[in-house]
Amino acid sequence: MGSAHHLFDEMPERNSVTWACLISGCTQNEMPDEACALFKEMISAGILPNHYAIGSALRACQELGSYGFRLGLQIHGLILKTRHAFDMVVCNALISLYGSFMDSATYAYRAFREIEGKNSIAWNSIISAYSKRGEAVTAFELFSNMQHECSGRSFRPSEYTFGSLITVASCSIDCLSLLEQLLAKTKKFGYLHDLYVGSALVSAFARSGSLDTAKEIFEQMPLRNVVSMNGLMVGLVRQKRGEEAAEVFVKMKDLVKINIDSYMVLLSAFAEFSLPGEGRRKGREIHAYAIRIGLSDSKVALGNCLINMYAKCGAIDDACSVFELMNDKDPVTWNSMIAGFDQNECFKDAVITFCAMRRTLLMSSKFSLISALSSCASLGWMRMGEQIHSEGLKMGLDLDVSVSNALLALYAETGCIVECKKVFSLMPKYDRISWNSIIGAFADSESSISDAVGYFVEMMRAGWSLNNVTFLNILAAVSSVSLCELLRQIHVLVLKYRVMDDTGMENALLSCYGKSGELDICESIFSRMGDRRDNASWNSMISGYIHNELLHMAMDLVWLMLQNGQRLDCFTFATVLSACASVATLDRGMEVHACGVRACLESDVVIGSALVDMYSKCGRVDYASRFFELMPVRNIYSWNSMICGYAKHGFGHKALEIFTRMKLEGQRPDHVTFVGVLSACSHVGLAEEGFEHLDSMSEVYSLTPRIEHFSCIVDLLGRAGDLDKIEDFISRMPVRPNVLIWRTVLGACSRASGRKTDLGRRAAEMLLELEPENAVNYVLLSNMYASGGKWDDMAKARAAMREAAVKKEAGCSWVTMKDGVHVFVAGDNSHPDRDAIYLKLKELQRKMRDAGYVPQTKFALHDLELENQEELLSHHSEKLAVAFVLTRKSKLPIRIMKNLRVCGDCHDAFKYISLIVGRQIVLRDSSRFHHFTDDPAEVLAAKAHGQLGAPEGAGWEKGLGEALEEAVLNGNMSCGFSDKTDLLPVGFGHQDWVQNVHNPVEAVKPYRALFEDLRLVVYGHHQFFITFSLPLHKAMPSSQQDTGGAYESSNLKTLAFEL
C-alpha cells in the first residue's frame, strides 16, 4: 500500500477511478481510517465518487465502529439524491452497515428493497444481516424468496448463503430440524464438499449435540482445514467428550495448519476428561510445549485457557501459578481465576481475588460478580454478598438475569428469605433458573412452604415449561409438611411433562410419599424403576419404612439390597443404624454393624458416629465406648454421641471426662454437646459445675443457651434438692418457660416428698394451660401430692384427669429374645408362660426378702391394704419381664425396655435381683438407662434406703442412691463405728478402730431399736455414712462393748462405709 500511495501522490491528474482504487485498497488491507480520510479528501477535491469508492468507504465505516457508523450515515445522506442510491454495490454495503449497527434489520431491509435487479450478493447480504441478529424465521423466509426469484435467472444460492443460514439455524430452538434440511439442500446444490460450507455444518451439528452427523460430514470432506477441525473439537468439548476431541487433534495436527485457537480448544478438551488427573497431565504437556515455542506469552487468551483448564482439572495451585506469571491480565483472566477458586471450593480465595481485581480499577463483569456471589453463598457471608450486590447495582449488572439468579442463590443460602423475595420482585425479566431458584429458596424454609407452592403455580400460569429442577424443588417443599393431596397433583404434572423416567425424580417421589405414609405408592414406584435404581432409590425406600416405624421391612430391604449386589453406602448404614437406635434393637444394630465391616465402611466417621449413637441408645454403652476409642477420626457428632450416651446411662463423670478430652483435642462443642454435659452434671449432682458450663456457652463458645439447656439446669437443681433456687432461676431465664421447663419443675417437686407443693402446683397450672390434653401432667401432679401424703389433693388431681377425658399411657415393658419380642403389662396374665413367670417371681420375692428387701409401698395405691400394695408392686411389668427372662437358661445380661419411668421400688428390687441371680440388668425407661450389677455395693444402697428407712435429710436429697449407682464400685467394703461428731472420712486414716464385717447392714440391726434422727450422708464417690443419735442412757449391745467405751461419751454415732 505504501507504493500505491506514493504513486497516487505523484499522479498529476486523478479521476474518480483513481480515488476509488486507492480507497478500495485501503479497505481491503484493513486500513479503514485511511480509507475514510481519502474519501473525505476526494469529496473536498470536488471529485464525485463512483459506486466503487462509495461501497469501499461504507465498508471502511463498518470497521470503525460507532464513529464509522456516524460517517456512514453522512455518506448515505450524500448519495441519496444521486443515481448511486440504488446501485447494487452501494446498497449491499448499506445492508451490511445497517445490519451490524441498528437495533433491528429494518433499515437494512429498506436498502435491500431499493435494489433493482437483485443478484446473489444482494440476497446474501440481507440474509447475512438477519442471520447475524439471530432472526432465523426471517432469514429462512428470505432464503425461500431467493429460491423463488432465482428459479428463472442465472444466479442461485452460493456457499455464503448456506454459511449464513447454517449459523442462524444452529442458534435456533429447533436447530437440528433446520440443520438437517440445510444438509439436504447443500447436497442438492453440490456444496457439501465445499470447505466453507462443510466446516460450518461440522461446527453447527457438533454444537447442537449431533456429533455422529458432524463426524460423518467431517470424514466426507475432501478438504479439511483448521476451521473444520476446531469446529468438531468445540462440539465434542461441549458434549463433555474431551478424550474424543483430543483424538481429533492428534489425528489432524499433521494434516492442517494448527493455529493458536486449536491449542485453546485442546486445552478446554483436557478440562472435560473423565479422569481429571489424565487431563491435567496432558494439559501440562501442552503448557510446556507452548512455553518452548514461545506461545505462552504471545496471547492473553492462551493464558486464560490454561487457568481454566487447570482449575477444571482440580489443579488450582497450577492455575494460580499461571495467573501470577501473566504479565498482562484482561477481565477474562480475572474472571477465570475467580471462577476457578469458586469451582474448587476455595471460596475465601475467590472473594479475595475479586477484591484484588477491583483494586486494579478493572470493572466487574457479570461473570466475576456471579462467581463472587456464589462463593459468598457457600461461606454464608451475607454481609460481603450485600457489598458485592451494591457494586452490581452501581453498574446496572443486577438487571442481568444471571446475576439476579446468583443473588437469589446467595440470599436463599443464607436464609434471607425476605431479601430473596425482594430481588425476585425487582427482576425485569426471568428465566427458568430464576423461578426454580425462588421456589427452592422457599422450599427450604418450612414457614414459607405456601409461598413456594404459590410461586410454582405462578410459574405455570406465566407459561414457563417445568423441568426436573422445578419438580425437585417443589417436591422438597411438599415432603416436609406431608401434603398428600398436593403431592398427588404434582405427581400428575410430573407424568404430564414426561420427566418421570428420571431417576432423581423417582427418588424424590419415593422420599415424599414415604414421609406422607403412602408406602403402597412408594412400593409401586420402586418396583417400576427396575435397573434404574441407584443408592438413593434404596435409601429413600428404606427411610420411608423407618419413618413409618416398619423397621423389619427396612431391614428386609437392606438384605435384599445386599443379595442384589447393591453396595451399601454411608447414608444407608447411618439411616438404618439411626432407626435401630430409635427403637433400641441391639441385635438388628449389630447385624448392620457387621454389614458395615464387610463393606469396609467401619472407619467412616459418619458411620462411626452412628454406631456410637446406636450402641449407646441400645444399652451397650461399653460397646459404644470401645468403638469410640477405636475411631481413627472423630467429628462433632462422634463426641456428642459419646457424651450424651454416658449421660443417658447415668455415667456423668465419664461424660464430663469425654467433654474435657474433646476440648483438649480442639473440637469445638455445639448446643447438643452442652445438653449432654448439663444432663451429666444433673445425674451426678454437680450443681456448681453445671452452672459453670452454662455460663461458658455464651462467654467462651459464643453459643446462646436454648430452652433445653435451661431445662437441664432446672432438673439439676431439682435432683440436688435446691427447690428454692428453681423459682429464682426460672424468673431470670432470658426465654419464656415452655412445657419442657414446667414439666421438669413438676417432676422435681414430685420427688421432694411433699416439699414446695406450691411451686409444683404453679407448674401444674402452667402445664394444664399449655397442654390440657396431656395425661402426663395430671400424673405428675398426682404423684407430687402422693409423695407428700396429701391423698385428698391426689384424688382431686385424678378426678380432674377423668374430667378432662385424657388417658394415661399404659405402662408396659418388653424384652427381645431369640423367639421374638415379649411385651408385659402390670399384672399380665396373657403370656403363654405366665405360670412359670409368676413362680419365678414368687421365688425372687422370697430371696429378696431374705436379703433384706422391704417393698416401698408408697409407690402403690394408698387406698389398698398393705398386703395388697406389696402384691401390686411385685406384679409391675418390668418385674414380670425380668422373671420371664430368668425362666430361660442364660448368663447374658438382661436388657429390659419400659415406655414409662421406672418406679423407686422396682429400681431397688432390681439391685437385689441382680445380686441374687448374679447377672447384670440394664433397664431403659422413658428417661434414661439404669444399670444394675451383682456388686454388693449396689445392694448396700438399696438396704440403706429401704431397710434402714428413707431419710429426708439434706444428704439423701443430694442423691446418695444415684451417686452409688453412677460410680464404678469395685472391691471390698469395710464397716466401723466412730464417735467422731463431724462427717469427714474418719476411720479411713485410723484403721485401728475400724471393724471389718461381712454384712454392714447386719452389723447395724442390733442398734435399730436405739436409732433416733436417722440420716444418710454422702462423702465423695467411694464413701458414705449413716449417722444417728444414740440416747446416753441406753447401753450398747454386749457384742460391741469390747470395741471401746468411747461410745458411752457421745450420743452422735457414725456408721462409715468405704467402697
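Placed from the backbone N, Cα and C atoms, the Cβ positions cover glycine too.
Automatic, uncurated: that is what TrEMBL annotation is.
Features of the protein shown, as given by TrEMBL:
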- 852-934: domain 'DYW' (DOMAIN)
- 15-49: repeat 'PPR' (REPEAT)
- 119-149: repeat 'PPR' (REPEAT)
- 194-228: repeat 'PPR' (REPEAT)
- 431-466: repeat 'PPR' (REPEAT)
- 534-568: repeat 'PPR' (REPEAT)
- 635-669: repeat 'PPR' (REPEAT)
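A Cβ distance under 8 Å defines the sequence-distant neighbours of the repeat 'PPR' (194-228), meaning residues of its chain 6+ beyond its ends; these are 159-160, 162-163, 166-167, 169-170, 175-176, 179, 182-183, 186, 234-236, 238-239, 241, 252, 255-259, 261-262. Helix first, then strand, then coil: DSSP counts for the repeat 'PPR' (431-466) stand at 28 helix, 0 strand, 8 coil. Taking DSSP states H, G and I as helix and E and B as strand, the repeat 'PPR' (15-49) has 26 helix, 0 strand, 9 coil. Restricting the average to the repeat 'PPR' (194-228) gives a pLDDT of 81.
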